[in-house]
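S.K.: Sharing a structure with you now.
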Amino acid sequence: MRSKVTGAKRWVVKIGSALLTADGKGLDRGAMAVWVEQMVALREAGVELVLVSSGAVAAGMSQLGWTKRPSAMNELQAAASLGQMRLVQAWESSFGEHGKHTAQILLTHDDLSDRKRYLNARSTLRTLVDLGVVPVINENDTVVTDEIRFGDNDTLAALVANLVEADLLVILTDRDGMFDADPRNNPEAQLIYEARADDPSLDAVAGGTGGALGRGGMQTKLRAARLAARSGAHTIIIGGRIERVLDRLKAGERLGTLLSPERGMLAARKQWLAGHLQTRGTLVLDAGAVQALRQANKSLLPVGVKTVQGSFRRGEMVVCVGPDGVEVARGLANYSALEAQKIIGQSSEAIESILGYSAEPELVHRDNLVLV
């Protein structure tokens, strides 16, 4: 299983705020230098590398003399705008000592939700990697709104792994990995070395929240691993305080928790759909429709839909759930929620007589649908 790590050619590495700051007292240049040494070694070993770096808000808080992460959006954005410049300067300076360059990429959810912007971002990232530049990615905290937040950089890293078709996502954290119990309370807790990302038993052991400087706890890291798995990437959740951890991962040491995907790489359009987190509504399917999607790779027809929830327009993303409420798929709707309400449970031939026109015979076409 660890051959999936040593043989991975394209890595996305996510480093959290706690690993880049000196106990909340600004950026830790010494720690950043050690990370850079390891990432440069990966590049020289032929690994294509994309860095997702937290730390902008924490760096800005330090500059402003704040010791507690603010909850108000305007204060967070002010700290991010101040700290982002210092964060990028620090990475560029450190990589520059090894003759490498970095490029700043700031993303919002809209950049990945829009197909054209998604493709432009992917093209830019691939070009930078081909040029030997290390892209440094962060959420564009300064302009983002609650409605289009990724929520945490673990999720952003997973979507970037999807975007660049990475083989491996490395999420560096303040824990050594995922444990079968909370090691802070249970000295008998055992590290989970390997598991399937979709293993439901992991949910019970992924409790807890992020630290004072960051947003993501173990639950968000598990969720990120599952997002990355949709595009065929493996994920390592591993302690960032383990000495030379990236070097040792590349050498094949059995460290951290390796979460593996159920399926292989999806086609490019399906990758975009799988990583499209902003959903506008829900379609509740009957058992026959669930079977048609899962076993026969069929489109979703109106006759197989029992209920429409939410408000969405034609072309927006909807979630498809079975009678038990479990998500089956997600895809782009051919009809608005109002139109869908009128045609569900009906045959495709009846659409025109009900609506006065027929855009498509399917509610969601299979080319715009991805199983989850």
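From the backbone N, Cα and C atoms, a Cβ is placed for every residue, glycine too.
Below, the features straight out of Swiss-Prot:
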type    : residues              : note
BINDING : Lys14, Thr173, Asp174 : ATP binding site
BINDING : Ser54, Asp141, Asn153 : substrate binding site
DOMAIN  : 280-358               : domain 'PUA'
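Describe the structural context of these features.
M.R.: Contacts of Lys14 (ATP binding site) defined by a Cβ separation under 8 A and a same-chain sequence distance of 6+ are given as Leu51, Val52, Ser53, Ser54, Asn153, Asp154, Leu156, Ala157, Leu169, Val170, Ile171, Leu172, in order along the sequence.
When DSSP labels each residue, the domain 'PUA' (280-358) comes out as 28 helix, 23 strand, 28 coil, counted as helix, strand and coil in that order.
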S.K.: Through the lens of DSSP with three states only, how would you label Asn153 (substrate binding site)?
M.R.: helix
S.K.: If you average the pLDDT over the domain 'PUA' (280-358), what number do you get?
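M.R.: 93, rounded to a whole number.
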S.K.: Considering the binding-site residues Asp141, Asp174, which residue's Cβ sits among the greatest number of other Cβ atoms within 10 Å?
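M.R.: Output for this query is Asp141.
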